[in-house]
Amino acid sequence: SFFTVLVLTLLVLLTLATFLWNLLVLATILRVKAFHRVPHNLVASTAVSDVLVAALVMPLSLVKELSAGRRWRLGRELCLVWVCFDVLCCTASIWNVTAIALDRYWCISRHLQYTLLARRRISNLMIALTWLLSAAISLAPLLGWGETYSPEQQRCQLSQDPSYAIISTGGAFYLPLCVVLFVYWKIYKASKFHMGGRRRNAVGPLPEAAQVKEASQEPQMVFTARRAAITFQTDGETWREQKEKKAALMVGILIGVFVLCWIPFFITELISPLCSCNIPPVWKSIFLWLGYSNSFFNPLIYTAFNKNYNNAFKNLFVKQR
């Protein structure tokens, strides 16, 4: 039908756009020397996981969608490979988003202790833990924890073992969800605290004869010194407050899109094995591809809030021309 052709066309475009956009981010980070440091290694790790989702996971999912009754006709071995890469890459993408949120939070809350050297070490540690945890969750079915392939029904899906469903969904989604929600609450709280306490600070009494110029909308500092009396006044937003607001907005959008994309899929994956519920295959497909779309939105969000990426993209295309 026309509707089926339209849906499949959109899925193909989503796969291509996800692959090309994340590949562009990786190429930019590799070519620009200024990006060879934190936090761009976290962005690069996220882009790698999202590129793998588009290159290894989404095409096989599309083949499954094209088959009659969404049956798996590619054999047991390829089914195990597809499920393994699906869990590995999607879990790594989710935890990389969590690592980016944590990095932004520590930059705001511990900006003095969170030096460039400490930031590099912690970010590398978070990347290593992200991929190790993702590999552990994805390899468990290969070691016999549940069955992913049913030859009689020609069905290939995640292991429906209840214990694996609890551990895998908790480690891949619900735990990072709690972390990112806590981080955003702390960032929002810190941003509000600094904005509320910045309006006016004074040291010493101000003589009646002293006059302070009316502050403009731009950030400025006015000092008045007379007879050992000093007044310090700031108006407008400081550089740090602007940075905190920008980080809160970026993390908020990143978390909001992440939750909207993945929560329907993980709710069904947790409930279905526990209650033996039969969810219609069409809804499973919708929830799965909604989760895949998060790999497309990730690079759009964290590059949209960084002017350096926009300038690097322009320079990259100009050099290619």
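The backbone N, Cα and C atoms fix where each Cβ goes, and this holds for glycine too.
Remember, predicted model here, so these are calculated numbers, not experimental data.
As given in TrEMBL:
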- 6-30: transmembrane segment (TRANSMEM)
- 21-302: domain 'G-protein coupled receptors family 1 profile' (DOMAIN)
- 42-60: transmembrane segment (TRANSMEM)
- 80-102: transmembrane segment (TRANSMEM)
- 122-144: transmembrane segment (TRANSMEM)
- 164-185: transmembrane segment (TRANSMEM)
- 247-267: transmembrane segment (TRANSMEM)
- 287-305: transmembrane segment (TRANSMEM)
- Message: Would you say the transmembrane segment (6-30) and the transmembrane segment (80-102) are touching, if the rule is that at least three C-beta pairs must lie under 8 angstroms and be 6 or more residues apart?
- Response: no
- Stretch winning on C-beta pairs under 8 A with the transmembrane segment (247-267) (pool: 6-30, 42-60, 122-144, 164-185, 287-305) is 287-305
- Query: Counting Cβ pairs under 8 Å to the transmembrane segment (287-305), which of 42-60, 122-144, 164-185 comes out on top?
  - Reply: 42-60
- Intrachain neighbours beyond the transmembrane segment (42-60), with Cβ under 8 angstroms and 6 or more residues off its ends: 11, 14-16, 18-19, 22-23, 25-26, 29, 74, 78, 82, 85-86, 88-90, 92-93, 96-97, 99-100, 103, 123, 126-127, 130-131, 292, 295-296, 298-299, 302
- Hey, which bits of the same chain come close to the transmembrane segment (164-185), Cβ under 8 Å, at least six residues off its ends? 87, 90-91, 94-95, 97-98, 101-102, 104-105, 133-134, 137, 140-141, 145-146, 158, 248, 251-252, 255, 258-259, 262-263, 266, 269-270, 272-274
